[in-house]
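Record features (TrEMBL):
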DOMAIN    91-195  domain 'C-type lectin'
TRANSMEM  47-69  transmembrane segment
């Protein structure tokens, strides 16, 4: 009893707890393992240790949550079956629309523009082979044109023509004919073919597919 009172007088902040501790007070504050005040101090150290460990974990969790919430959301990848609109044909990252009506070259260009595309460009031999095979027996305008009296061809979408093939004929507007590309006067009426990047390519570029 005297040992406990002496211990608690020197530790006044533990006096109330020591008096109420549900163990034998004769060994309270003694050096014996399992004494009341010793267990109290050990419990306090455990609580302090847990608290010190928990605070960094909470801060890290909050930081991760803030970073995740601030990240821009990516557009969902379009389904493979929907990379081209209905009635369009896909080939090597592009979508093509072959018309079932005829018009002159300028009107055909406007029609493609309204569809979110341009009169078709032909950039590779593979693409040319695909278009020449797919267009059938009908002639189809493409986007290649030049000014009257000018030898330099340009595409309807504004991109330069690299002269990797030479259209036949002496006209100003080019079209698919048989197994090659010919040219004629732009006011002639023909079918037309539009092209645009497919939805997956647009998604990769960060453009919302139409």
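Any Cβ shown, glycine's included, is placed from N, Cα and C.
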For the domain 'C-type lectin' (91-195), the DSSP helix/strand/coil residue counts are 20 helix, 35 strand, 50 coil
Averaging the pLDDT values of the domain 'C-type lectin' (91-195) gives 93
